[in-house]
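As structure tokens, the structure follows; a few thoughts come after it.
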Amino acid sequence: VQVDPASLTGRIEPNYPKVCGHQGNVLDIKWNPFIDNIIASCSEDTSVRIWEIPEGGLKRNMTEALLELHGHSRRVGLVEWHPTTNNILFSAGYDYKVLIWNLDVGEPVKMIDCHSDVILCMSFNTDGSLLTTTCKDKKLRVIEPRSGRVLQEANCKNHRVNRVVFLGNMKRLLTTGVSRWNTRQIALWDQEDLSMPLIEEEIDGLSGLLFPFYDADTHMLYLAGKGDGNIRYYEISTEKPFLSYLMEFRSPAPQKGLGVMPKHGLDVSACEVFRFYKLVTLKGLIEPISMIVPRRSDSYQEDIYPMTPGTEPALTPDEWLGGINRDPVLMSLKEGYKKSSKMVFKAPIKEKKSVVVNGIDLLENVPPRTENELLRMFFRQQDEIRRLKEELAQKDIRIRQLQLELRNLLNSPKNC
């Protein structure tokens, strides 16, 4: 993982310091929404790790994580921070499980075990009381995360879902996927009734994944396809036709992936309402793309910058785990966007050697994470197999001896 200041431009040296503590490929990273210098990452090495980026950026390679989280038995593909609660992190692994981590104690406290295949995407509603997931088993689910109970489930055979996003407080979900004719399409759903989508709309016949990004402040939906050079944008409304196409940003350079700047990092003086960071692999660069409302006025535009979720959490982990839901603490971008977060992450001291969730020890059969560890485990198992074979052979000899003694005893004259 490479962490650069947003102001840094130009070619970066190959030996620029990186976050490189994982023993496998990093599959997902997310910035903490309440503490600006904390990152969560997950990897093929089955671990989730928490990193603290020092003030002023990295001066040397960072190999030691602030916190290592082990609980998945296979690689971990997704991480998501809870939107209103500090230090609650969700991770989804290729073991088909979602673990909920309380970082105050550094342990998983809940396990969601309702999926039958790999989880493709996770998204929260505004207050984090509901979690929606898409899965390789072609199902869309709305889940109550603390209990793991599935509230709604759609079997998407005609619209094979890939990505999903909650549309703020509209009680709507938007999914991107593939139709039965293998064309890319989007679908809008009522979160309380997933029996049928409200609308389905064909996009095009290309093959790259469609990534949805939703801005609840402006009710704007952005669609960006992997391998595309364009980004489409739509306006979402609560009444028909629900989805109105506006325009699209065009670029000849295809994007492999996109990141998004949080709202409090936007340039409000330039009427910037959304900013993408586009990964262009052909040129080996990351290109910022700003969505700007073209206005001449120099004054603060309150209509495009309503109160927005800020950097202060609404709940503590114990409050949320205890069943409390609360809307995000809002902030004004007029003055608050320059304020730095006062929160600091304190890593817990971990002594436990087992991780028990729902009565299951998650660390009982954790696979090796490095090639050396794999070789050590292989030789240990070979020694164990050799010892067990010798023990088995000795027991066979002892059994034969006892059988002979029993036969001699039965044939002895005393028993005649």
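A Cβ is built for glycine as well, from the same backbone N, Cα and C atoms used for every other residue.
Looking at the stretches 49-76, 217-244, 385-412, the one that TrEMBL records under the feature coiled coil is 385-412.
Counting residues of the repeat 'WD' (69-111) by DSSP class, helix then strand then coil, yields 0 helix, 25 strand, 18 coil. The helix, strand and coil residue counts that DSSP assigns across the repeat 'WD' (19-61) are 0 helix, 19 strand, 24 coil.
Distant neighbours of the repeat 'WD' (69-111): 24, 27-30, 32-35, 40-50, 117-119, 121-124, 126-128, 131, 133, 145-146, 148, 309, 313-321, 325-329, 343, 345, 347-348, 350, 352, 355, 357-358, 360, 362-363, 365-367; these residues of the same chain sit at least 6 beyond its ends, with a Cβ under 8 Å from one of its Cβ atoms.
Across the repeat 'WD' (69-111), mean pLDDT in this model comes to 94.
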